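Look at TrEMBL and you will find 110-130, 150-170, 216-235, 247-269 tagged as transmembrane segment. What TrEMBL lists as domain 'ABC transmembrane type-1' is 111-394. Per TrEMBL, the feature domain 'ABC transporter' maps to 453-743. Annotation comment: TrEMBL describes 525-535 as compositional bias 'Polar residues'. The annotation region 'Disordered' is assigned in TrEMBL to 525-547. The compositional bias 'Basic and acidic residues' annotation in TrEMBL covers 538-547.
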Amino acid sequence: MHLSILVSAPSLLLLPTPSRLSSGPFFACPSSLGVSKISSPLAMRRRRTAVPPTVIRSPAAVGESRSTAAGEGQDENRVLPDLGTLLRRFWKVAAPYWSSEDKVQARLRLAAVFALTLGTTGISVGFNFLGRDFYNALANKDQEQFTKQLLYYLGSFAGGIPFFVVRDYARETLSLRWRSWMTGYYMKRYFRNQMFYKIQSQSIIDNPDQRIVDDLSSFTGTALSFSLTLFNAAVDLISFSNILYGIYPPLFVVLLVYSLGGTAISVFLGKDLVTLNFLQEKKEADFRYGLVRVRENAESIAFYAGEENEVQLLLERFRRAFENLKQLLISSRNLEFFTNGYRYLIQILPAAVVAPMYFTGKIEFGVINQSVSAFNHILGDFSIIVYQFQAISAFSAVIDRLGEFDDILDGSKSYIPEYGNTEKINIQFQDEKIPTSLGSNGSVPKAGCRRLLEIQNLTLQTPRSGHILITDLSLDINDQDHLLVMGPSGSGKTSFLRALAGLWTTGAGNITFYMRDAGQVQTSISADTNSSKPMTSLKKEEQLESSENRRARGVFFLPQRPYMVLGTLRQQLLYPTWSEDIIFPSENSQTTGSLPLLSELSRPADESIKPKKPTVDDLIHVLEVVRLGDILSRFNGLDSIYEWSSVLSLGEQQRLAFARLLLSKPKLVLLDESTSALDGTNEAHLYRQIEAAGITYISIGHRKTLYNYHNKVLHISKYNSRNNTERNWYLESINPTTAIEEANSAF
């Protein structure tokens, strides 16, 4: 491979096998038109669009493993997976589609591609004999026969070329169909049980976005090309071996020795390419991710005047990719010294072997061309590893990355760390009930109050280190029990909300939500959930999982920095309870040419459990309620599209999040310093609005003015491991007098 190809290889560049390209006076068979094409070695380094990865802003992530020295050392010392592991991972990644609900279309299309490949091989055999007769007529100076064979050739080209084109088109459309299914399959598993959060917060693997976008695309296209190459090689071997053996048996023996020796040398020279390709994928993705972070945090960097630091950090990431690419190019160069000589020696080798027979008159001139063509075909079949070793090594890296990702989505314990006690916090959803006895915190519920939340003996630990944050916490939250959680930084306040949201489950105890139509649903969220089933078997579980969703059950969460979706102002307000109206094609309207499952990715599982979708008037009214009425004129209505996290201030984003809350009308909301960017007047206004809407809330905050809007306060202190017998929390009621005193002391 030449350097220009290495540097700028296009997406899934497919190269013909040079041995199939006859040189000199010998006529080239059209078998070189893509029959044995596999992705070029550095074509896996495609021209990519930087796709922002899923960023979870969580202090649980001690730091990106991709940027730590330990992580870099682990990558550099990565152990190359053995052949058995690669084959197992290949089968695990490839197999689900062929037994999915799209299996009939998939298998029919694959059979058609193989049939077309068989037809193109037959055409190549026909051209082999046409070439022999063509050159015989030319050598014999038989003009009439020459004209006749030329017309045969032109007619065969006209009839044969469409088979090659249709075969390649059928292969690419099947690859696209396969990729669309696998994208849906991996996306659903990536978001199941909040696996995307666990991967990011615990730094389990690097760049899952790249594996979904780039590696899946490479896998489907290259897997089909490689499978067809093997199939074509087997058919070629059978078809042309008889021809070559019939011409001169010793030539067949020379071919075997030449190809086997070349394969052994190629494997030896290219043994480091798989690891280098794996690392190159990762290092380039790291560099791209760093650029995305600059775009996402442009204002903060500008305030800090941190441009020089960012440039140095980005150049360091680029340097790592550059150094690895240099090693990759050196290894490729060393392999190319051998493979180029191997390729071009065979252009004269078969002619040199059979030439003495021609000189003695035992064979005609056309037989030399036939033997060269057959020799090139069979040698190409035997020498797949030699010609495509760099492409195979790059494909092996893709298989390794996807297999690793697949194992993690399956909840493999070898990837997801467990620290100390493996017991999980148990989260339950039950029907609303009226408490009839003392609460676990000793409070006497008011008559007619409904219990919303019950926490029993909750011990919370950090996922990564197992550090204890809260011990043996028990309390009840009834309707209109507005709880304020306070404590020093690092004591575990936000982590407490993470536990309630099901994001952190390391520890022990029970959390029970009493919500509408909850039934008797119990979930113990852990990393052991098996997600490797085909998509047909996941659907019922996904619907059940959706019915268990805390948001659908009347629980809402507002973080300190609201998440702004990519879309219109209308979508900002509807998120996450509703989505924009999407026209889903019905099952009866889908044609055989439509891509599978893409329309199902966002199809709601059960609309009946959601509140009625707000009208335009509702959206305008709620903006007025949260004092954002001017936003409509500033940004030209509800359907304008902007980078909302950039054009809105943090205070405006927080008010927009309260608008989402008021539209969703949950029973219980968890607020993590959700008014930290607001002035006291707007803070008081928003708390009055959600209380008037009948929403019970649990707030985290440091301001003493928050006492005015709550009737209970939970104080959490930092856990003292030396005195592990005492609780590090206490709960007290807030009376109006205390609230006024605390509020006044704040000023």
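Placement of Cβ uses the backbone N, Cα and C atoms for every residue, glycine included.
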With the greatest number of Cβ pairs under 8 Å to the transmembrane segment (150-170), the stretch among 110-130, 216-235, 247-269 is 110-130
Long-range CB partners for the transmembrane segment (110-130) (under 8 A, at least six residues beyond its ends), listed in sequence order, are 27, 29-31, 35, 98, 149, 152-153, 156, 160, 163-164, 166-167, 170-171, 174, 224, 228, 231-232, 235-236, 239-240, 243, 370, 373-374, 377
The predicted model's mean pLDDT over the domain 'ABC transporter' (453-743) is 79
